[in-house]
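Peer 1: The structure that follows is given in the form of structure tokens.
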Amino acid sequence: MGIGNITFLIGWYIFLFIIGILLEKLTCCFSRLSIFTVFFYAFFIKHGIMIPFTIDINYEQIGLDLPEAVLLRWTASLMLMYISFIIGIIISRPFFGKRKLSRKAYKEAIANLSTRKASDLRSIFPLFAFSISTLTFVVLWRTDFLTYLFSGNFSGEAYKAARLAYGESVSSFNGILLRVANTLKFTALPLCTYILFFMRKKSKRYTFLFIYLLSITLLLNLISGQKGGIVLILLGTFFCWLLASGNITISLASKIGKRSALAVMFLVFFLLPFQYWIQYPSINYQVALMAVVNRLSGEVTRTLQLHFHVYPDIFPHLYGASSSFMNIFTGSDFIHDPGRVIRGYIAFGDIYDATGSWNAAFIGTAWADFSYFGVVLQSLLVVFLLSYYHQWFVKSQKTPMVLGTYVSLSMSTFFLSEGNLLTTLFSFGLGLNFLIYLIMRKSRLVRSKKTQPTLASQR
């Protein structure tokens, strides 16, 4: 195809290089650890570097030869997204500020954190964290996938059956309690786990509770059969460790940088291939590694391209009907979730027969709703929100609650690279976790400013 020639490859990488320089200038996302680091690394890998190599992914995997116009809409929207990121960050500065996280000031703040005798959280917080994690575990506990793991009878069919059995049993349609527990698994549980990471050295009680919550969170992701959940929790815990070290500089020359590189290599070259081997035991290591590459880049590209194929060539733009919230005003009984509609149409030939959803980056749903206008608007909204969170973190006292909340928000940005904005805000914690933080700050879970010791007395 014309779009896949060498001219496009060179032009695309020149565009990415310019965008990367501008993003680094504005946010230091590639040189200092921050919420922008997770977000932009995810997008540059999934929807940047690999784009020239995944243009024909739909033809290669499902035999669908997409028209040139579809591919042009897709690449044009990606370019608009990146340009909107730059513009959005610049526009947000008069509202939220443009302070950068000082390496020296941050290191001093972390040093002060480790010497304080009191935290910003009251003694009731451990009970809150324990109750939330235990309730979620009891409600979501299922043995379908564990039975599969311990049976030793690994196969793609058995793996799929175990996942479907778990999915059906914890479906949100089975009750409000299950829906709440499913949401807590991706929001409050990681949030409390990360907060406790920064409190674990203050007493053995916090150490035990951190291990308990981390184990519960990992186990709940394990029994669901979802590969990404375990990886993200481990990455989030590693992110906590990096922030706790006081060194936010991203450099392979440093000890922290080398350890980070080793951690990423462990995940990509061992943990993720091992998870695919459990699903398909007959494959060799090379095939498992290729499956990892496809999951990180090819699959999300394939589904994103389909959004630009189905809308508006097959179905008209939705104009907001992709959200169940809009059904309150339209009176429709059917949720026109683009991922579900596309999966139903492509896989079954009937949008009402879909049993799952093909997720794509947030601009997929934005395009399905409002075309290029939706892509630009949501891209601006995303970086506005991230800019606010980052400036809040820069200006806040570095307490366990602030640090843990910042890590949870940072890890939530990953879901924007393969999910829509509303789902990421409320089901994966990008908005909900900050609301939980605000509630905790205003509640009895947090020490009031009047009773909190001064910095001088804490040293």
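Using the three backbone atoms N, Cα and C, a Cβ is placed for every residue, glycine included.
What TrEMBL lists as transmembrane segment is 6-23, 35-55, 75-96, 124-141, 176-199, 206-224, 230-253, 260-278, 370-389, 423-440.
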Peer 1: Ranking 6-23, 75-96, 206-224, 230-253 by Cβ pairs under 8 Å to the transmembrane segment (124-141), which is first?
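Peer 2: Most Cβ pairs under 8 Å with the transmembrane segment (124-141) come from 206-224.
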Peer 1: When you scan the chain for residues with a C-beta under 8 Å from the transmembrane segment (75-96), skipping those not six or more beyond its ends, what do you find?
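Peer 2: Long-range Cβ neighbours of the transmembrane segment (75-96): 3, 12, 15-16, 19, 22-23, 26-27, 47, 51, 308, 363, 367, 372, 375-376, 379-384, 387-388, 391.
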Peer 1: Out of 35-55, 176-199, 230-253, which stretch touches the transmembrane segment (423-440) the most, going by CB pairs under 8 Å?
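Peer 2: Selected stretch: 176-199, with the most Cβ pairs under 8 Å.
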